[in-house]
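Feature annotation from TrEMBL assigns active site to His72, Glu125, His129. Annotated signal peptide per TrEMBL: 1-22, in sequence order.
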Amino acid sequence: MTPKGLIASALLLLFCSASVDSFFFGPSTSGGRNWDVFVFVQNWPESVCDKWTNQRGGNTCNKYPKNHWTVHGAWPTQLGTRGPNDCDPSRKFNLAEVGGLERDLDEWWTPIQVNARKTYFWEHEWEKHGTCALPVIETQYQYFKQALDWVRQYEMGEIFRTSGIVPGGDYSFNDITEAIRRVINKTPQVICYYNRNKPSIILEVRICFSQSLQLVDCNNYSNCDRNKMIHYPTPSA
């Protein structure tokens, strides 16, 4: 990998880690597979690209969907920790094991940040989080297929549209969370990011599943300012 590629990979890892850290409160754990909930994370591609390009000069984005949310990850999580993570270093990502899902992953689990390897994002999510999903999910195919099923069933753009929340508008924290609750009947987590020149911007929505893959409440943590409006950016041309 070129030095430029190594820098891009390191920045992407930092970008993902910072987003993860905003949810969990305890120490990071690795190696074990004890977990309580599956945290399924969707992000708004326009916000992801905006955050990435403002993080460092020279950061660029791949072509990404303009009309729907995409997957950030599916994280087996032990409550009160940032993990488990990296549970089996021997189980390396192998695109061949994903067997026919690549086109759907391009569309729904889009690698938005430009990196030296197209598959880096999927590799990172599988090796850090997917390897910890046993015994509920055993293979790479099952891991990625489950996330694709969830994003189609609970795609946040469609959920928001049912409550009149559309890109280009500013909405209260309560309006956003209640729009999600009305559909899934559970407490979500809404994550924002902040740009000095812009208002609070919606970045991610997280919903939680039990080990039996049934919807459950997430805790109500959010880094968004609940007393200010949150911007839902319009996709760039």
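From the backbone N, Cα and C atoms, a Cβ is placed for every residue, glycine too.
Mapped onto this structure are the features recorded in TrEMBL.
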residue: His72; record: active site; Cβ within 10 Å: 25
residue: Glu125; record: active site; Cβ within 10 Å: 22
residue: His129; record: active site; Cβ within 10 Å: 25
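Recorded residues Glu125 (active site) and His72 (active site) have their alpha carbons 8 Å apart, per Cα-Cα distance. His72 (active site) is 11 Å away from His129 (active site) when you measure Cα to Cα. Secondary structure at His72 (active site), taken from DSSP and collapsed to helix, strand or coil, is strand.
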